[in-house]
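Data block below; observations after.
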Ligand code: NI
């Protein structure tokens with residue numbers, strides 16, 4: 001188990017464009033395992049390799065959705081791996097989610113994105129897949145693919161909102 005350091009804004013590494021994974025081998029599977037350790041440790045639902053200073057196109061997601069109600073409610077882990085993920089198409093219909101990011105701690109903003117998308121990717125064995133995404137998973141996948149291209153969720157909001165959010169982050173860091 002290895003928990004990696006997560007880069008935070010304004011680290012320039014977050015603006016790097018990651019390179020495609022050439023061969024899905026044990027070294028890639030080790031990165032995937034470390035990324036899950038890091039994401040669960042930070043209580044996140046998604047992580048892109050660029051956030052841990054690895055410039056390869058690797059994404060892990062686990063929405064850890066709650067199953068059951070009341071005392072029986074518990075978050076169930078469903079780890080998902082996307083290597084070299086690519087959007088094939090996106091819906092015209094959009095929706096808004098209050099997005100956060102482990103690289104922009106404790107800051108949230110409503111981001112508008114296509115409500116659904118179709119993507120292709122490789123799994124941990126190097127097998128190719130194609131599939132349709134909607135709901136929170138579509139949002140999470142688009143957010144993480146953005147990271148691989150050096151794009152952050154704050155790039156999707158107005159400059160006014162972005163400046164306010166970054167100011168709050170600076171204040172929070174000073175208080176810590
Ligand atoms: Ni993020």
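Counting starts with 1 at the first residue shown.
Glycine too: its Cβ is placed from the backbone N, Cα and C atoms.
If you look up TrEMBL, you'll see 101, 143, 147 marked as Fe cation binding site. Residues or ranges marked as active site in TrEMBL: 144.
Structure with TrEMBL features highlighted.
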residue	record	contacts (Cβ under 8 Å, 6+ apart)
101	Fe cation binding site	107, 143, 152, 153
144	active site	46, 47, 48, 59, 61, 82, 85
147	Fe cation binding site	14, 48, 50, 51, 59, 103
101, 143, 147 excluded, remaining Cβ within 8 Å of their centroid (Fe cation): 46, 48, 51, 99, 103, 144, 146, 152, 153
So if I draw a 10 Å sphere around the Cβ of residue 143 (Fe cation binding site), how many other Cβ atoms end up inside it? 24
